[in-house]
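So that you can see what the record holds, here are the features copied from Swiss-Prot:
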- E95: active site, proton acceptor (ACT_SITE)
- 101-345: domain 'Radical SAM core' (DOMAIN)
- C108-C350: disulfide bond (DISULFID)
- C115, C119, C122: [4Fe-4S] cluster binding site (BINDING)
- G176, E177, S208, S230, L231, H232, N307: S-adenosyl-L-methionine binding site (BINDING)
- C350: active site, S-methylcysteine intermediate (ACT_SITE)
Amino acid sequence: MAGETIVNLLDLDAEGLVAYCGSLGEKAFRAKQLQRWIHQYNAADFDGMTDLAKSLREKLKGRAVIGTPDILSDHVSADGTRKWLINVGNGNAVETVFIPEETRGTLCVSSQAGCAVNCRFCSTGKQGFSRNLSTGEIVGQLRMAEFALRASLGRAPGPNGKAERVITNVVMMGMGEPLLNYSAVVPAMRLMLDDNAYGLSRRRVTLSTSGVVPMMDRLGAELPVALAVSLHAPNDALRDELVPLNKKHPLRELMAACQRYLKVAPRDFITFEYCMLDGVNDTEAHARELLAVTRDVPCKFNLIPFNPFPESGLVRSKTEQIKRFAQVLIDAGVVTTIRKTRGDDIDAACGQLAGAVKDRTRLAERTGASKIIEVRAV
């Protein structure tokens, strides 16, 4: 075993775990047993995996680990939203947010430390991009949150029956652009869908993208889950300013990709997310332009009141203006919702996932600040 690379079993989806067990001389069914222990029973070590042969447990010791997130903080908002801040090393942290509702519980999962897309209205992009998260770091957010929430409710670990599951929906809408970390995100989502792990349906796992068109096509071919697109502007000139990726994949190309995706998607519509910015993209004329640009894509709109942060120079649209904008869309027969701001008192609201621990080098480069780790009070 000397010199062997230690494997984090959270990094392995079902196929990867079968291959790993095979490398140890074990049969494929052992992979399912391991997967259930890790993802359904929250096993922290191998000794407690009582239906595994002792010889296999001994093989795993020293060769494999079950990685667990390094939680820096755990905060609960007045509205019940819960945010965990997770250390991912080198002065970086990512955030995981649970949003409880009457009939469901939604977990917002991060895929990168920082983000390279740098949307103008999103605080995460202002810290720059540090690195991609691993599969284990992504699915580990779901594992950590599910069992922490169960513990708070007095529910024991075990198979994820509908009556016991706390997290019913996962949205890949946290820090980062998921499709720019495709090789780690897709295995993580496979585990979310796997009946030997979390057993979520494809309709209940949503990936949000700013519009990485080639990877949208690949996702549709390999693992079509529900799709949300961060749109935020009704024309290329404005979207170029708000979502710089638009310069590479403009609206016509993006709309065509949405049409292709719908041919294989588990839902018959795309959700378009639209951050409402006062005097920038929120007029009734913008709404009519938005209807025109999306007319060939079955869709619904989710209007998001902007959550201000100092570096943006932007202001949230007034409530009445958001309602007028929404009414134009509704009058055209398009399902439109206005997102209720949740968790903003703990900086967990949409667009606020900047991480309280910031990469020292990038922070210094961007602000000229001294090289310290900055921790923001929450």
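From the backbone N, Cα and C atoms, a Cβ is placed for every residue, glycine too.
This view paints the features noted in Swiss-Prot onto the structure.
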residue	record	Cβ contacts under 8 Å, 6 or more apart
C115	[4Fe-4S] cluster binding site	C122, T124, G125, F129, M175, G176, E177
C119	[4Fe-4S] cluster binding site	G125, S210, S230, H232, L242, V243, P244
L231	S-adenosyl-L-methionine binding site	R239, F272, E273, Y274, L290, T294
Nearest-integer angstrom distance between the alpha carbons (Cα) of C108 (disulfide bond) and the residue listed as 'active site, proton acceptor': 9
Pairwise CA distance, E95 (active site, proton acceptor) versus N307 (S-adenosyl-L-methionine binding site), rounded so that it is a whole Å: 16
Number of other Cβ atoms within 10 Å of the Cβ of C108 (disulfide bond) across all protein chains: 27
Count of other CB atoms lying within 10 Å of the CB belonging to G176 (S-adenosyl-L-methionine binding site): 29
Arithmetic mean of per-residue pLDDT over the domain 'Radical SAM core' (101-345): 94
